[in-house]
Amino acid sequence: MEKNLQNELKKEAAIRAAEFVENDTVVGLGTGSTVKFLVDELGRKVREENLSFTGVTTSKRTASQAESLGIKIVSLDSIPRIDLTIDGADQVDNNFNGIKGGGAALLWEKIVATNSKKNIWIVDQSKLVDRIGSFPLPVEVIPFGALHVLNKFEELNLNPALRLTENGKKVMTDSQNYIIDLHLNQIIDPAKLSNQLINTVGVVEHGLFLNVVDKVVVGKKGQPLILENPDK
Ligand SMILES: O=C(CO)[C@H](O)[C@H](O)COP(=O)(O)O
């Protein structure tokens, strides 16, 4: 999909999803380019429509954008619950399984998501797929012994690659871990892979988000589509 159109559709989904944010609630704010549109819109609503909510963010990036727009941000441990989290995703299949972590924020994203009463993902239509996996699956690993974890993944034919910055430095997450991307093409059994990864010593978390999302707001030509997860 052409970049300008994709951005337009991301923005459309983000603006539609902002309507789900209610006054006096605690809202988890995800990370990424789609969420950036969401935070802009929520900032506008705070300024122009007196929307009042408390945010919990899934990255330092989102926290600084939100605070610069006047959105109140608190730490996760200072609040008893999160009412709703809105986040992006890299791919979503028909069973509402998703891959996240393209922006390297998957650990905080999963912690915030699993502590939220409701989760909404905002995506453009190109991210809806029959089977997830053509987007590389991010795995967050602690730096100590990371190359041994990479070798194990290699032995398991998971096609791992340590994520590097444009300058060739290792990408560091907000928790000071590394990211290994698994180039799998397709994931036949997401639950099995999820168990396998999380049981590998050195892995902190992975980007398979299974049975997490309640609603997906899809930016598509025409108007946004809202998909409801029947299993939630
Ligand atoms: O999981 C994420 C960050 O870790 C993002 O939500 C995901 O990568 C989608 O990003 P974008 O909205 O930029 O396409």
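From the backbone N, Cα and C atoms, a Cβ is placed for every residue, glycine too.
What TrEMBL says about this one:
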BINDING   Thr31, Gly32, Ser33, Thr34, Asp87, Gly88, Ala89, Asp90, Lys100, Gly101, Gly102, Gly103, Lys127  substrate binding site
ACT_SITE  Glu109  active site, proton acceptor
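The Cβ of Ala89 (substrate binding site) lies under 8 Å from the Cβ of Gly98, Ile99, Lys100, Trp121, Val123, Lys127, Phe209, Val213, Val216, each of these being in the same chain and 6 or more residues away along the sequence.
Proximity of the binding-site residues (Asp87, Gly102, Lys127) to ligand 1: a Cβ under 6 Å from the molecule is found for Asp87, Gly102.
The distance from the Cα of Asp87 (substrate binding site) to the Cα of the residue listed as 'active site, proton acceptor' comes to 8 Å. Most Cβ neighbours within 10 Å among the binding-site residues Thr31, Ser33: this distinction goes to Thr31.
Listed binding-site residues: Lys100, Lys127. The one with the lowest count of other Cβ atoms within 10 Å of its Cβ is Lys127. Report note: the substrate site is defined by Thr31, Gly32, Ser33, Thr34, Asp87, Gly88, Ala89, Asp90, Lys100, Gly101, Gly102, Gly103, Lys127, and the residues of the same chain whose CB lies within 8 Å of the CB centroid of those residues, excluding them, are Gly30, Val35, Ala105.
Within 10 Å of Glu109 (active site, proton acceptor), counting C-alpha to C-alpha distances, fall the following of the binding-site residues Thr31, Ser33, Gly102: Thr31.
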